[in-house]
Every structure is written in C-alpha cells, then in structure tokens.
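Encoded as structure tokens, the structure appears first; notes follow it.
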Amino acid sequence: MVEIKTDAALDAMREAGRVVARALAAVREAAGVGVSLRELDEAARTVLAEAGAGSPFLGYRPSFAPAAFPAVICTSVNDAVSHGIPTGYRLRDGDLVSIDCGARLDGWTGDAAITFTVGTPRPGDLDLIDATRQALDAGIAAARVGSRIGDISHAVGTVARRAGCGMPADFGGHGIGRRMHEDPHVPNRGRPGRGFPLRHGLVLAIEPMLMAGGKDTYRTDADGWTLRTTDGSRAAHIEHTVAITDQGPRILTLP
Ligand code: MG
Ligand code: MG
C-alpha cells in the first residue's frame with residue numbers, strides 16, 4: 001500500500017533527512033587511507049546519537065538476509081555495489097567507497113547514499129561517480145506530479161546505459177516514510193508512462209547503482225549481505241530521499 005504524506009510529515013521527514021546528510025558528511029570527513037570501515041560506522045553513530053535519532057539499518061533483517069544488519073551504515077568498497085557490512089578493513093589509496101545511511105527521527109525515516117574515492121582516484125572511478133550522480137539527478141527531475149514511477153525508472157536507466165553501465169536487476173529505490181522500505185518499488189530501469197502515478201506527498205528514495213563493467217549480474221558475499229559485481233568491475237551508489245510536491249521535487253536528504 002502506498003502512503004501519501006501530509007505536509008507536516010514532509011517537514012518532519014526533512015529533519016530526519018538532515019540528520020542523514022550530517023552523518024554522511026561526518027563519514028566522508030573521517031574517511032582516509034588507513035581508516036577502517038568500523039571507524040566510519042562509529043562516525044555515523046556519533047551523529048545519530050547527538051541528534052537523538054535511531055537507525056533503520058541497525059538490526060534490520062529483510063527476508064533475504066541470514067542475520068540482522070550490525071551497523072548504521074553500509075560500506076561498499078570497489079567491486080561491492082551495495083549493502084556492505086562495515087568490517088575492520090582499512091581503506092587503501094585509490095579505493096572507491098559507497099556509504100549508505102539512514103536515520104529515524106520522531107518516527108520518520110531518511111535514507112541517502114554517497115560514493116567517493118580515497119587518495120588518488122583510479123582511472124574511470126570519477127567518471128563512474130559522475131554518471132551515477134547524473135542518473136540520480138535525471139531521476140529526481142522526473143519525480144513530478146502527473147508523471148509515473150516508470151518515468152523515474154526510465155530517466156535513471158537511460159543515463160546509466162548511455163554511460164555503458166550495468167545495474168543490479170533486483171535492487172532499486174522505494175517508497176519511504178515511517179518505515180525505510182515502503183511501496184512503491186522504484187526500479188532503476190523501466191518504461192516511461194507506466195507504473196504508479198506520482199502525487200503531492202509521495203516520498204521516494206531514488207538510488208541508482210551503477211556497475212562499470214556493463215553487466216547487470218551481481219553476486220552476494222558469504223555474509224549474505226554484500227552485493228558485488230560478477231566481473232570484478234567497480235560500482236557506485238548514490239541516493240536521495242525525495243518528496244514529490246506540487247512545487248516540484250523536494251530533496252529531503254540535503255544538508
Ligand atoms: Mg539507502
Ligand atoms: Mg534506499
């Protein structure tokens with residue numbers, strides 16, 4: 001069931017989104033060569049705690065997962081696409097890092113992700129990040145009253161394909177509100193003019209995941225969570241929580 005939010009709920013979600021943005025900024029600031037993924041998780045935990053916010057990630061256990069998620073951020077490095085668990089791994093020069101973070105404040109949820117490089121970027125990584133950001137921007141631009149979910153999917157997928165990138169077929173964006181994952185699903189590819197109609201008060205997490213090798217296949221690590229490219233190519237994941245409004249798309253996870 002799709003829940004349409006009141007304007008008061010959108011304002012409350014904006015506050016949750018601000019906390020997510022602060023946590024991601026703190027992680028970005030803390031990241032560097034030699035810093036462990038667990039230390040990045042600690043940086044995000046500190047921001048959530050100071051804001052009085054909870055984590056929709058910590059303890060999350062969807063049907064596909066063998067165990068509850070143990071952290072407040074996902075850390076996906078190099079050929080990891082998404083859902084990476086923060087471990088003791090220490091970042092190395094040239095690593096490509098995607099961080100996904102959520103926050104729950106006053107019962108409302110925000111969800112966003114960033115991708116960045118550590119030290120000297122490897123060839124192609126900045127282009128991959130750029131393409132992923134453009135795919136997200138195109139998806140947000142399509143998130144307008146009177147359009148449909150398929151218009152967002154088509155916009156995201158078109159940019160990704162033009163960049164020669166693959167996208168994991170089963171993962172995409174989602175409705176969001178009191179819960180992190182609500183209806184409708186927002187695929188990262190699709191046909192324009194199809195799917196659920198966009199209305200004022202619908203809130204969506206839009207999140208392109210691009211794989212540089214161009215294939216859509218992925219595999220899951222033995223931990224049951226981490227998604228990786230099958231060809232070893234690198235991946236990027238960027239996400240915002242976006243409200244559809246009569247005034248146009250409102251990004252709720254900006255700083
Ligand atoms: Mg996310
Ligand atoms: Mg999400």
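Cβ atoms here come from the backbone N, Cα and C positions, even for glycine.
Binding of divalent metal cation 2 is attributed by TrEMBL to D111, E207, E239, and the same site annotation extends, among H154, H174, to H174.
Mean pLDDT for the domain 'Peptidase M24' (12-246) in this predicted model: 97. When the binding-site residues H83, D100, H181 are checked against ligand 2, none has a Cβ within less than 6 Å of one of its atoms.
Taken in sequence order, the binding-site residues H83, D100, D111, H174, H181, E239 that lie near ligand 1, meaning a CB under 6 Å from one of its atoms, are D100, D111, E239. Put plainly, the binding-site residues D111, E207 were compared by Cβ crowding within 10 Å, and the winner is D111.
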